[in-house]
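S.K.: Once you've had a glance at the structure underneath, I'll fire off some questions.
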Amino acid sequence: MSQALNFFVSSSSRSPATFTISRPSVFPSTGSLRLLVKKSLRTLVVEASSAAASDLDEPQSSPVLVSENGSGGVLSSATQEYGRNAAPGTDSSSIEVDTVTEAELKENGFRSTRRTKLICTIGPATCGFEQLERLAEGGMNVARINMCHGTREWHRMVIERLRRLNEEKGFAVAIMMDTEGSEIHMGDLGGASSAKAEDGEIWNFTVRSFDPPLPERTVTVNYDGFAEDVKVGDELLVDGGMVRFEVIEKIGPDVKCLCTDPGLLLPRANLTFWRDGKLVRERNAMLPTISSKDWLDIDFGIAEGVDFIAVSFVKSAEVIKHLKSYIQARARDSDISVIAKIESIDSLKNLEEIIQASDGAMVARGDLGAQIPLEQVPSEQQKIVQICRQLNRPVIVASQLLESMIEYPIPTRAEVADVSEAVRQRGDALMLSGESAMGQFPEKALTVLRSVSLRIERMWREQKRHEVIELPSIASSFSDSISEEICNSAAKMANNLEVDALFVYTKNGHMASLLSRCRPDCPIFAFTTTTSVRRRLNLQWGLMPFRLSFSDDMESNLNKTFSLLKARGMIKSGDLIIAVSDMLQSIQVMNVP
């Protein structure tokens with residue numbers, strides 16, 4: 001079967017001429033591709049018309065419902081997600097842009113804007129409003145709250161401060177909530193922020209409960225069968241091997257352990273135990289991925305309107321699918337995305353299926369490195385990043401990026417090289433954990449991520465300019481292939497023509513995500529009518545998300561956008577722009593008037 005590719009060339013002196021070229025169809029039978037060259041406007045327009053549904057259909061609104069028992073049995077009304085749509089009374093002629101993005105663009109120009117996104121875990125060191133503001137000013141795109149630590153009341157306070165920060169200071173910081181997961185981990189250390197385990201010390205790991213403070217050199221464990229499952233001679237790894245113990249004696253619910261590798265014990269650190277050089281996995285495999293506490297935390301996240309829920313220790317795609325159905329049932333118009341944390345052998349065994357089912361993935365290298373040989377972690381990281389790129393899922397590289405900066409004001413050179421490699425692999429985002437949650441230098445750590453990202457991105461663009469990045473087709477994942485073809489073509493045109501920016505007008509973010517996947521040389525200005533979509537796009541590589549009211553009239557949208565951005569000094573007359581849209585499924589090339 002073949003399908004026509006029509007070229008319409010118009011000028012002011014005569015009627016359009018039409019050229020028809022038959023070729024094997026790359027589009028569904030419901031659509032066609034038109035290339036229009038408007039000489040008088042210096043505008044090249046490529047349009048693909050299709051009967052496929054546009055992603056601009058308005059979702060049906062419904063109240064947010066949460067489970068009171070964490071299992072979905074009893075439902076009650078909860079607070080509507082904040083900022084899902086434009087606030088009532090918002091001026092339709094205005095445009096909302098992150099203040100840091102605007103400043104970066106004005107200061108550095110199109111080519112030198114940062115493309116890699118930055119995530120900060122919020123903890124005692126960064127939970128104040130002024131501290132959050134400094135992180136946002138330093139380039140934080142997403143704030144992460146970890147339900148392993150703190151109470152829901154504390155996390156609600158942080159979320160409220162982040163909302164206030166966005167509303168009052170002009171930021172678009174998204175919120176990501178991590179579930180605790182059902183893996184075996186330590187308790188809270190009796191309220192202490194940390195404890196130092198020295199070489200040769202004897203520590204007691206127990207399932208008994210104690211009122212603070214804990215007895216000296218005692219650690220509680222969350223798994224009741226811990227003392228029964230471990231054996232004398234087993235090796236116990238804390239927090240991915242940051243501290244190591246050898247089991248030397250079992251006395252009822254207590255397990256006596258000898259410290260063989262000293263280090264810092266942190267509250268609720270993950271525990272794994274090895275026997276004869278192999279990870280003991282049987283007990284962990286029997287634990288559910290999402291615990292009863294996790295379900296209550298998820299209900300909390302839905303009620304508070306978080307943008308992302310990151311699921312710990314995902315074992316299969318079915319877990320992700322179940323959670324997405326759960327969220328949809330309780331908030332039908334919810335924009336919450338589900339991120340799969342890849343941090344176990346089970347995750348690696350079902351990697352592609354898990355990523356396909358999710359809305360993104362996190363390479364949690366710390367816990368992953370506790371279950372596979374250390375030398376295997378870099379290759380697995382690269383594999384995960386590549387699969388996410390192929391399947392058009394944002395990917396976060398996390399854990400121990402700048403671990404030394406928890407205590408020191410500058411990173412090791414090896415850490416800088418590690419960050420550089422993550423940027424070079426073109427992951428969407430880098431994440432700080434303990435560095436920002438409890439470290440002494442959270443702002444400096446963020447500055448390091450930002451500066452290294454900028455340098456490596458600039459170097460990569462200079463070395464790889466005009467290089468065509470071939471990606472496998474993902475059209476089978478969507479209802480049609482037109483959007484993918486348009487975005488691939490637009491990105492290649494942008495590189496070849498050395499345009500200043502790509503504009504994309506999108507309701508649900510799909511077209512913007514496809515453009516981000518192509519990793520073009522220029523920045524991508526993503527315009528959406530929905531505040532929650534704007535925040536969600538803040539996770540993806542190269543996207544500068546704006547909230548803007550627009551119509552189906554692309555000429556009107558472009559004129560309006562040009563006027564608003566020129567008034568803010570973000571673009572100027574003569575800048576070369578390529579614009580795509582999911583309304584008309586078109587490509588337009590033009591100079592800013």
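Each Cβ is built from the backbone N, Cα and C atoms, and glycine gets one as well.
Features from Swiss-Prot:
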type    : residues                       : note
BINDING : ARG144, GLY366, ASP367, SER399 : substrate binding site
BINDING : ASN146, MET147, CYS148, HIS149 : ATP binding site
BINDING : ASN146, ASP178, THR179         : K(+) binding site
BINDING : GLU343, ASP367                 : Mg(2+) binding site
REGION  : 57-94                          : region 'Disordered'
SITE    : LYS341                         : site 'Transition state stabilizer'
S.K.: What count of other C-beta atoms do you get within 10 angstroms of the C-beta of ARG144 (substrate binding site), across all chains shown?
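M.R.: Its Cβ has 26 other Cβ atoms within 10 Å.
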S.K.: Please report the distance from the Cα of HIS149 (ATP binding site) to the Cα of GLU343 (Mg(2+) binding site), rounded to the nearest angstrom.
M.R.: 19
S.K.: Measuring Cα to Cα, tell me the gap between MET147 (ATP binding site) and ASP367 (substrate binding site) in whole angstrom.
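M.R.: Per the Cα atoms, MET147 (ATP binding site) and ASP367 (substrate binding site) stand 16 Å apart.
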S.K.: Measuring Cα to Cα, how many Å separate ASN146 (ATP binding site) from ASP178 (K(+) binding site)?
M.R.: 5
S.K.: What's the CA-CA gap between ASP367 (substrate binding site) and GLU343 (Mg(2+) binding site) in angstrom, rounded?
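M.R.: Checking the Cα atoms of ASP367 (substrate binding site) and GLU343 (Mg(2+) binding site) gives a distance of 5 Å.
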S.K.: Just checking, which of ASN146, THR179, SER399 (binding-site residues) has the fewest C-beta atoms within 10 Å of its C-beta?
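M.R.: Least crowded of the binding-site residues ASN146, THR179, SER399, by Cβ count within 10 Å, is ASN146.
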S.K.: For the recorded positions listed here (HIS149, LYS341), which one has the lowest count of neighbouring CB atoms within 10 Å of its own CB?
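M.R.: It is HIS149 that, of the recorded positions HIS149, LYS341, has the fewest other Cβ atoms within 10 Å.
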S.K.: Look up SER399 (substrate binding site) in the DSSP assignment and reduce it to helix, strand or coil.
M.R.: coil
S.K.: Are there recorded positions among THR179, LYS341, GLU343 that sit within 10 Å of ARG144 (substrate binding site), Cα to Cα? If so, list them; otherwise say none.
M.R.: none
